[in-house]
Amino acid sequence: MGSRSSHVALIPDVDQIRRETGFSQASLLRLYHRFQALDREEKGFLSRLDLQQIGALAVNPLGDRIIDSFFPNGSQRVYFAGFARVLAYFRPIDEDDATLRDPKQPEPLNSRMNKLRFAFQLYDLDRDGKISRNEMLQVLRLMVGVQVTDEQLESITDRTVQEADEDGDGAVSFLEFAKSLEKMNIEQKMSIRILK
């Protein structure tokens with residue numbers, strides 16, 4: 001097995017990744033070590049199979065969809081920069097960063113709106129900008145498994161879509177999705193404290 005150093009300078013494009021993700025150098029170093037540990041064959045990239053070894057994703061009902069987010073546009077590999085970018089959505093929001101942020105700069109990946117966009121994409125499988133009843137049903141089925149009957153699940157799905165669908169088109173747009181989650185503390189629910 002090759003040498004695995006603990007120096008942040010060994011991370012390719014570390015400064016750009018730090019700017020894009022908002023992770024500190026210490027957090028990036030921890031993530032890089034995790035990336036290397038998952039890359040058991042030292043290929044320099046991760047495959048879906050590598051990510052399926054993460055226990056928290058293996059037991060998460062949306063684990064496969066979260067793993068899919070690491071591989072946009074049908075790619076089969078994720079390099080460290082892409083790995084860090086996806087995990088940045090789960091970085092806790094630092095209120096100091098929010099007040100000091102330059103409004104001319106793009107919103108950080110871990111902002112409330114970007115966390116909501118990430119969550120929305122877990123539902124919007126066909127990427128048409130709307131969550132159809134069928135897409136909602138698929139996600140709810142993953143989340144509840146066999147704990148409810150198909151009839152109950154159909155009813156829950158219909159009620160969920162109906163409550164969020166303000167324009168009556170039978171689907172949930174991103175704005176409707178965001179509005180339906182206004183009162184939810186998405187910042188806390190989509191945060192991994194160990195990465196701070």
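Glycine too: its Cβ is placed from the backbone N, Cα and C atoms.
The shown structure was predicted, so the numbers you read here are calculated from the model rather than taken from an experiment.
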Annotated range (Swiss-Prot: motif 'Nuclear export signal') out of 113-124, 137-148: 137-148
Of the residues S27, S173, the one that Swiss-Prot lists under phosphoserine: S27
Integer Å distance between the CA atoms belonging to S27 (phosphoserine) and D169 (Ca(2+) 2 binding site): 43
Contact set, same chain, for the motif 'Nuclear export signal' (137-148): CB under 8 Å, 6 or more residues outside the stretch: 61-62, 65, 122-123, 125, 154, 156-157, 160
Pairwise Cα distance for D126 (Ca(2+) 1 binding site)/E176 (Ca(2+) 2 binding site) [Å, integer]: 18
Averaged pLDDT, computed only over the residues in the domain 'EF-hand 3' (152-187): 93
